[in-house]
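Some features that TrEMBL has for this protein:
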- 5-94: domain 'CS' (DOMAIN)
- 149-174: transmembrane segment (TRANSMEM)
- 213-235: transmembrane segment (TRANSMEM)
- 242-261: transmembrane segment (TRANSMEM)
- 281-304: transmembrane segment (TRANSMEM)
- 316-337: transmembrane segment (TRANSMEM)
């Protein structure tokens with residue numbers, strides 16, 4: 001009944017300069033809260049102790065307060081904050097000595113003056129102890145050198161893979177599918193350089209320069225170098241196959257976003273679009289790159305059988321030699337197991353700080 005005015009339950013607490021009121025009124029609306037002549041007036045519609053009704057109350061404060069009132073309505077309650085004119089602790093909230101029946105202490109926020117002083121003292125002690133601990137931790141005198149090295153490493157790799165990506169893209173638009181078959185001869189030198197540089201990504205975790213685990217970095221770098229140096233680099237017949245284009249293109253697509261992401265991370269900067277691209281593109285490009293690498297391995301098996309390149313000599317009774325293709329078959333199995341295990345852990349080249 002909108003004509004029935006009721007009083008809600010009100011809980012209060014104080015600090016040295018503020019009064020906090022919590023009105024037990026859920027889904028409150030049509031609120032009218034003000035301070036006039038040192039008396040707080042409250043009126044509002046909501047669900048209180050007597051159900052959905054209009055509720056009101058007034059409180060004449062013990063000492064002068066400022067007329068500005070701050071309030072916030074939530075689904076469960078209405079929070080009110082009033083500032084005291086002078087900062088000190090009151091012995092009671094209201095002018096009248098007898099506490100109104102609807103008013104009670106807010107024990108969730110209740111602190112006495114001694115409690116606050118002890119809390120401030122504990123915080124100050126914690127701050128001093130924290131400063132003491134930080135002062136005892138030795139600063140790394142080579143931190144600037146490490147950051148400079150990692151920044152330059154990521155920058156050089158970014159420029160290298162960007163050159164490969166742009167070169168292949170331009171040739172694709174100009175030559176079409178014909179560009180597939182001379183990819184190795186047009187980009188191999190730069191890819192050799194980038195992948196030899198990538199060996200540092202195995203060394204950096206061992207030196208504690210980055211947060212990457214050693215094994216994922218070793219698997220990634222070793223896998224690519226087997227494809228590049230052993231399969232493409234040693235077999236002339238593989239260098240003219242279209243699979244080279246897809247392997248190189250997928251590698252460069254991943255790296256032109258990965259290296260600048262870590263380059264910015266070294267200097268404590270993040271570009272949200274780059275972060276999104278780095279982790280979103282990784283999802284389709286990583287398995288596609290794995291498939292392209294597997295195709296290259298499969299296509300090379302018969303070539304290693306025919307040429308006996310890297311074959312292991314065996315006694316004549318055992319067949320004379322063991323083809324290197326058997327090692328690649330084992331590598332193919334390990335590659336898929338390793339890729340599956342480390343798919344969600346793309347290795348990092350950011351500073352380990």
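Glycine is treated like the rest: Cβ placed from N, Cα and C.
Not measured: the values here are computed from a predicted model.
Summarised by DSSP class, the composition of the domain 'CS' (5-94) is 0 helix, 62 strand, 28 coil. For the transmembrane segment (281-304), the residues of the chain that approach it from at least six positions outside its boundaries are 223-224, 227, 231-232, 235, 237-238, 241, 243-244, 246-247, 250-251, 253-254, 257-258, 310-311, 323-325, 328-329, 331-332, 335-336, 339, 343, 346, judged by C-beta separation under 8 angstroms. Sequence-distant contacts of the transmembrane segment (316-337) (same chain, at least 6 residues past either end, Cβ-Cβ under 8 Å): 223, 226, 231, 290, 293-294, 297-298, 300-302, 304-305, 308-310.
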